[in-house]
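Chemist: Please see the structure below; I have some questions.
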Amino acid sequence: MIAASFLLNLLIYPFLINLFRKKSVGQYIRKEGPDLHGYKEGTPTMGGILFVLIGLLFGVLSKENGVILTGAFLFFLIGFLDDFLSIAKKNSTGLRAYQKALLQIAAASVVIAFSQPETAVDFFGIKLEMGAWYYLLALIVIVGSSNAMNLTDGLDGLAGWVYISGAIPYWFFLKEKGFSENIIILLSAGVLAFLIFNSKPARIFMGDTGSIALGGTLGVVSVLTKTEFYLIVFFPILVVETLSVILQILSFKLFKRRIFRMAPLHHHFELLSWEEEKIVAVFTIFNLISSLIALEVFGVIG
């Protein structure tokens, strides 16, 4: 099914790109973003609709955990709604920040309620009992993962390659621990096909439809497999990108000074005159090295 997911995405994307161009399903660029992105205005977006739906289809066929599929679908719907509103309003603003946050919290709450996870966590081999506080942690992990992937999706190929570089090693890690959550690898196959059309110059963007779904699914899987903290080492770039935004906001609010030229961090490097391809390569390699080290440390390889 992994190969089928890749091939199906590969075959359909050219038709989807042409369809979206004809229907003017294009990206609107944030005016406060780097001036270098102006040429991307109008590039077809919502490309995540294909690899997510195909991933979910094969997930159903492979009898994937129903709660995971439900969570993935809910976050897909949130991203789709955000993109749809942006296109309908003909600007870069879809859902307002508070609306998106409320929907993400609601989706995460549904997942937590139906999964009824145990309240102990695996902190890199140390079992910690958190009691009722665990539900807050689970909420933060799911919503945070969703937003982190969304923040990372700012350069051609960046979110896709970061996802691939962490998701495939993470999947092997889960298999070693006895879990059979295949949605991670099914989505990876679709994202790999998508990247053929998303690498610079991108012919299509995944949009929030793809990024919010990918991040949300990672968070849901980590909660159901009790590997919440392991996301940090398999997806350190998501953590770094998110922290750069938080630190930038706090620094400006408290000291009226910015730490970075622009946040998330990939925009900072853009404004330092790094080429997009270089940023994507460096971030992907960093994420991959961290993931491979994690596999060796946790006994999966080596």
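Including glycine, each Cβ sits where the backbone N, Cα and C put it.
Swiss-Prot lists these features:
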type     : residues : note
TRANSMEM : 1-21     : transmembrane segment
TRANSMEM : 42-62    : transmembrane segment
TRANSMEM : 67-87    : transmembrane segment
TRANSMEM : 101-121  : transmembrane segment
TRANSMEM : 123-143  : transmembrane segment
TRANSMEM : 154-174  : transmembrane segment
TRANSMEM : 178-198  : transmembrane segment
TRANSMEM : 204-224  : transmembrane segment
TRANSMEM : 229-249  : transmembrane segment
TRANSMEM : 279-299  : transmembrane segment
Chemist: Taking residues 6+ outside the transmembrane segment (67-87), which of them lie with a CB under 8 Å of any CB in it?
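Modeler: Same-chain residues near the transmembrane segment (67-87) but 6 or more away: 24-26, 28, 45-46, 48-49, 52-53, 55-56, 59-60, 93-95, 100, 103-104, 107-108, 110-111, 114-115, 142, 146, 150, 181, 183, 207-213, 215-217, 220-221, 224.
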Chemist: Counting only pairs at least 6 apart in sequence, do the transmembrane segment (123-143) and the transmembrane segment (178-198) share 3+ Cβ pairs under 8 Å?
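Modeler: Touching, no - the transmembrane segment (123-143) and the transmembrane segment (178-198) miss the threshold of 3 or more Cβ pairs under 8 Å.
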Chemist: Would you kindly check 1-21, 178-198, 204-224, 229-249 and say which stretch has the most C-beta pairs under 8 angstroms to the transmembrane segment (42-62)?
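Modeler: Per the Cβ under 8 Å count, 204-224.
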Chemist: With a Cβ cut-off under 8 Å, give me the same-chain residues at least six positions beyond the ends of the transmembrane segment (101-121) that come close to it.
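Modeler: Those are 67, 70-71, 74-75, 78, 81, 95, 127-135, 137-139, 142-143, 146-147, 212, 216, 219-220, 223-224, 226, 228-229, in sequence order.
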Chemist: Which sequence positions outside the transmembrane segment (154-174), separated from its termini by at least 6 residues, show Cβ-Cβ distances below 8 Å to it?
Modeler: 33, 181-182, 184-185, 187-188, 191-192, 194-195, 198-202, 206, 210-211, 214, 218, 221, 225, 227, 230-231, 234-235, 237-238, 264, 266-267, 270, 276, 279-280, 283-285, 287-288, 291-292, 294-295, 298, 300
Chemist: Counting only residues 6+ away from its ends, which parts of the chain sit with a Cβ under 8 Å from the transmembrane segment (178-198)?
Modeler: 1-3, 5-7, 9-10, 13-14, 17, 47-48, 50-52, 54-56, 58-59, 62, 64-65, 68-69, 72, 156-157, 160-161, 163-164, 167-168, 170-171, 204-206, 210, 214, 217-218, 221, 224-225
